[in-house]
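Everything on this sheet refers to the single structure shown next.
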Amino acid sequence: MGLFDRISEGLARSRDRFKEQMNVLLDRGPDLDEGFWDGLEETLILSDIGGGAACEIVEGLRDTAVRKALPDAYAVLDLLNDRIAETFATGGEGVLSGGPAVVLFVGINGTGKTTTVGKLAKEVTDEGRTVLLGSADTFRAAAIEQLEAWAARSGVEVVTRERGSDPASVCYDTLERAEAQGADLVLIDTAGRLHTSADLMRELEKVVGVVRKRSKLPVFTVLVIDATTGQNGLSQAREFDRALDLDGVIVTKLDGTAKGGIALAVSHELGLPVLKIGVGEGLDDLKDFDAHDFARALVGDFDERG
Ligand SMILES: Nc1nc2c(ncn2[C@@H]2O[C@H](COP(=O)(O)OP(=O)(O)OP(=O)(O)O)[C@@H](O)[C@H]2O)c(=O)[nH]1
């Protein structure tokens, strides 16, 4: 199954719901009146893309409708996919595919951080770059073994310490090893923590602070969000961004959820580029993000007139 089909399958429920509501709206007739614009905004909000993004999309389409004297609602809906795609924050190319860098992966428990680091190790190694992994998730014993197993699969080295060690020390060791090895990319897995836990967030700030101070390479922080958690992802992103000044987001588990619109809510509200998306548990299931494919999977095409 192709990439678009996988996301499309995952988002089928939200797309069906969106179409159903749009058809009810269009049953009133295709006039571009207030009822249409309000209905469009409400329908977009129900797709989990967030109030801010929905408002900006509708405002943009309204402007275009006036400027280009669009005849009816169908002409507006023809532009909807592009407009949604343009609402995603851009940038972030330097994080995973630029020059040498250290990237820390953060997020709440079980979002897929370790799995994502493992998949990335394979991808980057296949590109011919040298990768070093650091297991700063010293809280969950299985996380260390899990990362070691991923590292073995792609033949990369992983720096670990025993469970319960200070995560900042693991980062320190990892940076030393990276320097000695001349690694192109250093990927550091951190322990999952609730964004509402002040103590654990402070601990993470300290870990990231140590890395920023000690590293000679640029340091980036990437939030990993589980798409199935829906709107809660926005609160997670706000808190992690406040604490760490994030550089990007990776949205996982898009293969089985109707709540994928959260990717746009987070990207738009916090100005964070979506760096990758997870569409399954396998080694090859971390994919490049394409805003146009994503928009098409989220709302579908509106070519059936009349
Ligand atoms: N379906 C699906 N499952 C995924 C995806 N990414 C990760 N998972 C699964 O999510 C579960 C949790 O993944 P982990 O990588 O252990 O999550 P984590 O964030 O490291 O967990 P903590 O360290 O406890 O915070 C595992 O069963 C993964 O296989 C994805 O894109 N799609």
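The backbone N, Cα and C atoms fix where each Cβ goes, and this holds for glycine too.
The feature GTP binding site is assigned by TrEMBL to 107-114, 189-193, 252-255. In sequence order, K113, G192, L223, V224, I225, D226, Q236, F240 are the residues near G107 (GTP binding site), counting only same-chain partners six or more apart with C-beta under 8 A.
If you look up TrEMBL, you'll see 7-88 marked as domain 'Signal recognition particle SRP54 helical bundle'.
TrEMBL lists 99-256 with the feature domain 'AAA+ ATPase'.
Residues or ranges marked as domain 'SRP54-type proteins GTP-binding' by TrEMBL: 100-300.
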What is the number of other Cβ atoms found within 10 Å of the Cβ of K113 (GTP binding site)?
27
Could you tell me which three-state DSSP class K113 (GTP binding site) falls into?
helix
Averaged over the whole of the domain 'SRP54-type proteins GTP-binding' (100-300), what is the pLDDT?
94
According to DSSP, which of helix, strand or coil covers T190 (GTP binding site)?
strand
Going by DSSP assignments with H, G and I as helix and E and B as strand, what are the residue counts for the domain 'Signal recognition particle SRP54 helical bundle' (7-88)?
62 helix, 0 strand, 20 coil
Please report the three-state DSSP label of G107 (GTP binding site).
coil
